[in-house]
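Everything below concerns the one structure shown next.
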């Protein structure tokens, strides 16, 4: 029952207005049971206020989520949200450690900074700089069935490919 002098009605939790028809600041989702607290992350949100309909908090750069409590895709280390360092060979990294997830182009390592077994090259240069991992031709490549080396590398001085032959095998390319 509303107050006869001022007309103020008794409102549900976090509901305001003379007719109890809107959410209080810092809440959202007006409905029969009242409004819900925004719960915006103190570290990731610009303010404690959120959209009164969706509950979306306004995130700082790099922060993500309804409550701005995580990092955007391609970032890690909430609340600082640093860019993943995957040398162009992966889009995402572990949110806590920064280790790259699902390295492509025959690369591996926490930063997609090493060629996989049976491949050589310099993946740190990134795809744009032709930093690709190419198959070792020891003698015919890792998927040939006639491959007798676990790995290879390119000699920095003479640019020759050197095979690390399996036990019992020797030779040159």
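Any Cβ shown, glycine's included, is placed from N, Cα and C.
As written in TrEMBL, here are the features:
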DOMAIN    1-37  domain 'Laminin EGF-like'
DISULFID  11-20  disulfide bond
DISULFID  38-50  disulfide bond
DOMAIN    38-83  domain 'Laminin EGF-like'
DISULFID  40-57  disulfide bond
DISULFID  59-68  disulfide bond
DOMAIN    84-135  domain 'Laminin EGF-like'
DISULFID  103-112  disulfide bond
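Overlay of TrEMBL feature records on the structure.
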| residue | record | Cβ within 10 Å |
| --- | --- | --- |
| 11 | disulfide bond | 17 |
| 20 | disulfide bond | 15 |
| 38 | disulfide bond | 24 |
| 40 | disulfide bond | 24 |
| 50 | disulfide bond | 26 |
| 57 | disulfide bond | 25 |
| 59 | disulfide bond | 22 |
| 68 | disulfide bond | 26 |
| 103 | disulfide bond | 22 |
| 112 | disulfide bond | 28 |
| Residue among disulfide-bonded residues 38, 57, 68 with Cα closest to the Cα of residue 20 (disulfide bond) | 38
| query | About how far apart, in whole Å, are the alpha carbons (Cα) of residue 112 (disulfide bond) and residue 38 (disulfide bond)? | reply | 38
| field | Mapped DSSP class for residue 50 (disulfide bond), helix or strand or coil | value | strand
| request: Would you mind splitting the domain 'Laminin EGF-like' (38-83) into helix, strand and coil residue counts from DSSP? | output: 0 helix, 17 strand, 29 coil
| field | Per DSSP, three-state class assigned to residue 11 (disulfide bond) | value | coil
| message | Which disulfide-bonded residues are spatial neighbours of residue 59 (disulfide bond) here, meaning Cα within 10 Å, out of 11, 38, 40, 103? | response | 40
| field | When distances run from the Cα of residue 57 (disulfide bond) to each of the disulfide-bonded residues 11, 50, 68, 103, the nearest one | value | 50
| request: Between the Cα atoms of residue 38 (disulfide bond) and residue 11 (disulfide bond), find the distance and write it as a whole number of Å. | output: 19
| So, by DSSP, how many helix, strand and coil residues make up the domain 'Laminin EGF-like' (84-135)? | 3 helix, 14 strand, 35 coil
| Taking the Cα atoms as reference points, how far is residue 11 (disulfide bond) from residue 50 (disulfide bond) in Å? | 21
| task | May I ask you to report the DSSP-based helix, strand or coil state of residue 20 (disulfide bond)? | result | coil
